[in-house]
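Copied over from Swiss-Prot:
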type	residues	note
REGION	1-34	region 'Disordered'
TOPO_DOM	1-67	topological domain 'Cytoplasmic'
COMPBIAS	1-10	compositional bias 'Low complexity'
COMPBIAS	23-34	compositional bias 'Basic and acidic residues'
TRANSMEM	68-88	transmembrane segment
TOPO_DOM	89-320	topological domain 'Extracellular'
CARBOHYD	N160	N-linked glycosylation site
CARBOHYD	N213	N-linked glycosylation site
CARBOHYD	N260	N-linked glycosylation site
DISULFID	C290-C316	disulfide bond
DISULFID	C292-C309	disulfide bond
Amino acid sequence: MAAAAAAAAATEQQSSNGPVKKSMREKAVERRNVNKEHNSNFKAGYIPIDEDRLHKTGLRGRKGNLAICVIVLLFILAVINLLITLVIWAVIRIGPNGCDSMEFHESGLLRFKQVSDMGVIHPLYKSTVGGRRNENLVITGNNQPIVFQQGTTKLSVEKNKTSITSDIGMQFFDPRTQNILFSTDYETHEFHLPSGVKSLNVQKASTERITSNATSDLNIKVDGRAIVRGNEGVFIMGKTIEFHMGGNVELKAENSIILNGTVMVSPTRLPSSSSGDQSGGGDWVRYKLCMCADGTLFKVQVTGHNMGCQVADNPCGNTH
């Protein structure tokens, strides 16, 4: 610093006497001294600090990615909420005058003012679904059955049939007179077909008695196999009893089978041989149907012409 001050004083003395020319070496030394002084003044307040040790502000790294995901998720939820709001607005038809499709009353009544498309309706406890006064309540299924269900009881209305399923039973009342038109409570009411119903289609029926009116016949028809079974026996009574079937008839009992009445067998459907056939020719085995005086039927194999029922092992005993 002293050398710099002396040089400055000498310069001032020389400058007072006029401009002084310096050599190249003196200029280089003076320039180097000025640069050193400038650099020392610049570094006087500088303290080098590592950037990793500085306090970081903002969201960086994983926190930044998580923040971006949260913002995108909130945006998607906002768009979905907007779409749901628009759909509800279009379906319910909310306008300046209120809701055009339904009305809410203080009594808890919800009234639909136009045709409504619904999937499943769950009425609350002790609630009622009905129509307006002097108007019909029309319920339509789009190519699907309409099902009314409460517990195990179910009413299904389809295109070609209506079925009712219940584990307890069912009763049909006249809404005006409250008279029972049809009931499955057989202990209290005798089972009768409703007026206008000509036939009853069931897969299995358990009852004590099946009867018909005095002026009509009782017809039991099945497509496959019919089984009539009684725990204490089966009794069939009628003026005329006819069995028509395409297969076999099997009468099976633990003790006995009693046919009390006139038994007729139509021979038109029984196979018969022509008069020219031989008695034992071919693969045919012929039998003759015989009957005892007490009505017992038995068969006798035909082994020759003009053969009768007088055989030794017939069940009639001495009476033929």
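Here, residue 1 is simply the first one shown, and the rest follow in order.
Note: Cβ is positioned from N, Cα and C throughout, glycine not excepted.
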Top Cα neighbour of C309 (disulfide bond) in the set of recorded positions N160, N213, N260, C290: C290
Residue distribution over DSSP helix, strand and coil in the compositional bias 'Basic and acidic residues' (23-34): 11 helix, 0 strand, 1 coil
Rounded to the nearest Å - Cα separation of N213 (N-linked glycosylation site) and N260 (N-linked glycosylation site): 23
Rounded Cα-Cα span from C290 (disulfide bond) to N260 (N-linked glycosylation site), Å: 19
Fewest other C-beta atoms within 10 angstroms, as judged across N160, N213, N260, which are the glycosylation sites: N160
Between N160 (N-linked glycosylation site) and C292 (disulfide bond): CA-CA distance (Å): 55
Pairwise Cα distance for C316 (disulfide bond)/N160 (N-linked glycosylation site) [Å, integer]: 58
C290 (disulfide bond): secondary structure state under DSSP, collapsed to three categories: strand
